[in-house]
Amino acid sequence: MPHTALPATAAFQALLSHHAEVRDRHMRDLFAADPQRFDNMTVKAAGILLDYSKNRVDHTTLKLLFELARERGVERQRAAMFSGEKINFTEHRAVLHTALRAPRGQALIVDGQHVGEDVHAVLDRIHSFTERVRESQWLGLSGKPITDIVNIGIGGSHLGPQMACTALRTFAHPRLTMHFVSNVDGHDLHDVLQRVDVETTLFIVASKTFTTQETMMNAGSARDWFLQRAAAADLAKHFVAVSTNTEAVRAFGIDTDNMFPFWDWVGGRYSMWSSIGLSIALAIGFKNFSELLAGAHAMDKHFCEAPLERNMPIIQALIGIWNRNCFNSESLSIAPYHHDLRHFPAYLQQLEMESNGKRITRDGSAVGVATCPFIWGDVGTNGQHAFFQLLHQGTDITPIDFIAVLHATHDLPGHHAVLLANCFAQSEAFMRGKQAEEVRDDLKKLGVDDDEINFLLPHKTFNGNRPSNTLLLDALTPATLGALIALYEHKTFVQGTIWGINSFDQWGVELGKVLAKTIQSELAGEAVPARHDCSTNALIALAKKALSDTQD
Ligand SMILES: O=P(O)(O)OC[C@H]1O[C@](O)(CO)[C@@H](O)[C@@H]1O
């Protein structure tokens, strides 16, 4: 079906003309002109407040952005996704992670399958299994309760579970220690195996395909480690699988009674709501896991029902389009001011960059504009002492998403106020900057002489006008975390729709999976070295020597 590339649309052209008129305007002036700017540019949903007032937008900008969303068919695509249409058009698959968090009783049939019934049947199994482990009814080989859970997976089968278990650690079962192994680098698994006891460890092999090289290698090594210490008959008490591939699970030697399935309409990076979330449910309990799903569902409802002008994922997506496609911002920095959200930037890297790191639209033509920015970041306040200097005074302007939580779960006096003060001070400074006159006054008060002031002035002046969103959560709970993740999922989807790309395939990553295999067989000496460039040939030779020295 022919597709109109973004640059050819009237709404985008109108946005570009508006940008040419307003791009030099300073946010300080926008704030001065509208004392109600905060009230006018905040939206609340599912326990989250989004303050987007510290962006270079005004009423006209927003109007043009909403027109763009309408012209690009965001509402139509949203309905298509939720109803199970095969919007993943290169893999001919439905995209139904939202069905994983819908309450029992949803009537949705895809390819003759009753999706809601299937989802809740698996959730019921997760419920009973996690209770048995948590209540010390599921016992290890010597009759002891499980103390350590090792999730072996990568990408979407790792990042979501690890991020959520860390974020919700205050809800976790005190007896259970969670471990996450993802990297094919043996140092990762080796480190964990040194810290666990074979009698009380449960391994979850989490892989949608059950063919991913890293996961299968780690799972195989974990199984070898286990069998060196225990009998094969004990494997069923210590290994469970999460996958869509029953045959491969059976071939690996995991009892399919110990397999928790999911479906091809769940994308890897959207899968933590499925049985890929088994480790989360084990850590925080099924009731809390259900609240995580309910929080995401509350955001789904908001996304489906709120008018575009009050719709948080749509607003966040449109602000991102404005920054990326009009101001050419190449990256988006994620700054969670909560230590337990420290894995959130890495989670979003896969979510956004694997989804929208694309350049071809649905009819095979080029997008014609820049797509996904680089996503990166670290927790506040650590980031302030590492890369914030560049964000304040570097030559690139990088938009930032500040994520703050009003109530802490610790009782150490003073810390939380200082943390929040830093967060708000940073977003204010990025917006306001510090003008030459303010710098001069400050230095004068300190008694600095005029020559020194003139010398220092350009270095100590900040232009400001650097955009940010602030997302405020009342508390970090399963429900608000669920809503926060769903918010970014839908934001990603809306941006993909505006660019006209498929946010749900990942051919680039598939290529990487194939490429390593050639060199792998050359390193193993099984293949005649392919004709690489001289650098790659030399590196292979060095590694080959090192590997054979280690074996000697
Ligand atoms: O769950 P699997 O099949 O092991 O895949 C792991 C990850 O690999 C990818 O296919 C590519 O990184 C992701 O989309 C997925 O989350």
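Note: Cβ is positioned from N, Cα and C throughout, glycine not excepted.
In the three-state DSSP scheme, Glu354 (active site, proton donor) is classed as helix. According to TrEMBL, the active site, proton donor annotation covers Glu354.
For His385 (active site), no same-chain residue lying six or more positions away in sequence has a CB closer than 8 A to its CB. Here TrEMBL flags His385 (among others) as active site.
For Lys513 (active site), other Cβ atoms within 10 Å of its Cβ number 12. The DSSP secondary structure for Lys513 (active site) is helix. The active site feature in TrEMBL is assigned to Lys513 (among others).
Rounded to a whole number, the C-alpha distance linking Lys513 (active site) with Glu354 (active site, proton donor) is 14 angstrom. In the three-state DSSP classification, His385 (active site) falls within a helix. Taking a C-beta cut-off of under 8 Å and a sequence gap of six or more, Glu354 (active site, proton donor) has these contacts in its own chain: Gly155, Arg269, Gln506, Val509.
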